[in-house]
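Below you will find the structure I want to go over with you.
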């Protein structure tokens, strides 16, 4: 027992002396939420598994292996893990500790410096965009999963109504070639035809994807009709997400025991099957063979930093939200290291699974691995499914692969939806909204479904890729950079280090202090500069996006960033003060309610008003006094960065 545990109905432990209705044994210790109003994870494993499911997503399977082989194979691992150590893990720890200390979502945590609440709104905008198109990808995986429930995969042969004359399958091609070589007269013609067909060859899986699943239109502005099978799968996907989140983290925390672990079972099954195939070793060699000269290429380091940053889910708001349901003294430092390393190890492991199968396919076609390697939807829905048709019992392997994609996607989607719901509930904060959180979840799910309908049209793939490339690109980098500046230089690094020590029982290690203040912001700035320098207008195969669509893409990217200066100006205008300088100081100063959510944890400078000293710590104070003082250097740094971003 603890004295604080008896206050406000926040008992941590109750000894039952009579048999309760729920079947608990009399006298058995029954755990209760530390934060009875808001709720906590059932146990720490649920938080770790949820965070792993959030960080480990589709990008680990369809993006990292491609980046690795394109950027020097095994040599890419060096900059990748350096960026993990100096940027990935520190930022992950920063966001987890931020949310856990305040027990609030991505909006509420900005009581630390109210002027920067626009950063939280920016995170919500980004999560909204990602949540809309991410569930469309999941619904397509659902569609392929359902279509794999057959004796013969529909993308195996070229004898379907949707196939064109250019279609050339890989199954049985060897027998056809032997038949064509039956006599010397036709062998030359067959050889010439083979060269021509290889030049313009389209696979059955590619034509199935383009002409049957998507029935893709010729332009992004030509929406055509809604693809009803995809729309139905989108409804199924949103229903699954809603049902898993119907009781918030209490229900999703139980679901992740399966959704976060079973993908590793499937990866292992596919890996064992893959390495037993002819040509698999060649594919793995192509994936891992180091090209050390590429380590000197700045683009390789830029790709490594970008992949670490985006794959961990930094600046989406999800990490802050998930950590806010932790108990106050949970060791989030340990969790951040475990989750970050697990995420990166999964990426490397998935590369073996992907390239063992692609190596087998290249061996079968007698072409280099580079000709069958792809990334993004092209890998998930064209190249890999085609390779699976070469395996015995191909529907079984197809079912496993797409079921794995579904689970990987759902793990991320759970956190995206919970981020939005938690932000709304925390912001309103009434007893009614907390009791009826399920209604908020349902409303957000329905809105997400309706906003995703245009992506199920014949032009949907164009819009999906547009959102993927612009909605969560450089805007995330800017949001993360401003968050670091706010916490380290506006709120003050010494204040934050003391907060972390109060929460964990030990201060952040020196390495993390240095990374938070200097190294990580520099790397984030490098990612932003690299993204701008390497920018190329988006294309899809041979289709070039028109200028008006690119303008929409940039508008989506700016819509999240613009929240920051708009809210800052609003907050400054509403803050007390005779001059702009005074209003700016008051807008940046921490809110009196900033700190631990529960009274039992509000010790030291967060203690309830009991003496003159503590009273002074909780009311507005001059810039040179008090724990919540504004750092002049931080203000100068923020204004300078704001000017650079505007430029």
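Indices start at 1 and increase along the chain as displayed.
From the backbone N, Cα and C atoms, a Cβ is placed for every residue, glycine too.
All annotation found in TrEMBL is predicted automatically rather than curated by experts.
Marked as compositional bias 'Basic and acidic residues' by TrEMBL: 1-17. The region 'Disordered' annotation in TrEMBL covers 1-37. Per TrEMBL, transmembrane segment is recorded for 47-65, 77-98, 119-146, 228-246, 255-275, 308-325, 337-362, 396-417, 438-464, 470-493, 514-535, 547-570. The Na(+) binding site annotation in TrEMBL covers 53, 55, 56, 60, 311, 343, 408. What TrEMBL lists as disulfide bond is 158-167.
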Can you say which of 77-98, 228-246, 255-275, 308-325, 396-417 has the most Cβ pairs under 8 Å with the transmembrane segment (438-464)?
228-246
Taking the Cβ of residue 311 (Na(+) binding site) as the centre, how many other Cβ atoms fall within a 10 Å radius?
22
Among 47-65, 228-246, 514-535, which stretch has the most Cβ pairs under 8 Å to the transmembrane segment (308-325)?
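Per the Cβ under 8 Å count, 47-65.
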Would you say the transmembrane segment (396-417) and the transmembrane segment (547-570) are touching, if the rule is that at least three C-beta pairs must lie under 8 angstroms and be 6 or more residues apart?
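When sequence-distant Cβ pairs are counted, the transmembrane segment (396-417) does not touch the transmembrane segment (547-570), since fewer than 3 lie under 8 Å.
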List every residue in the same chain as residue 56 (Na(+) binding site), at least 6 positions away in sequence, whose Cβ is under 8 Å from its Cβ.
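Long-range Cβ contacts: 260, 263, 342, 343, 346, 408, 411.
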Which stretch from 119-146, 337-362, 396-417, 470-493 shares the most C-beta pairs under 8 Å with the transmembrane segment (77-98)?
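Going through each listed stretch, the top one turns out to be 337-362.
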Give me the CA-CA distance between residue 311 (Na(+) binding site) and residue 167 (disulfide bond), in Å, as a whole number.
35
Which chain neighbours of the Na(+) site, leaving out 53, 55, 56, 60, 311, 343, 408, have a Cβ atom within 8 Å of the mean position of the site's Cβ atoms?
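Checked against the 8 Å cutoff, the neighbours are 52, 54, 57, 59, 346, 347, 411, 412.
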What is the Cβ neighbour count of residue 55 (Na(+) binding site) at a 10 Å cut-off, with all protein chains included?
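Total other Cβ atoms inside 10 Å, all chains included: 26.
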With pairs 6 or more apart in sequence, are the transmembrane segment (337-362) and the transmembrane segment (470-493) linked by at least 3 Cβ pairs under 8 Å?
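In this chain the transmembrane segment (337-362) does not contact the transmembrane segment (470-493) - fewer than 3 Cβ pairs sit under 8 Å.
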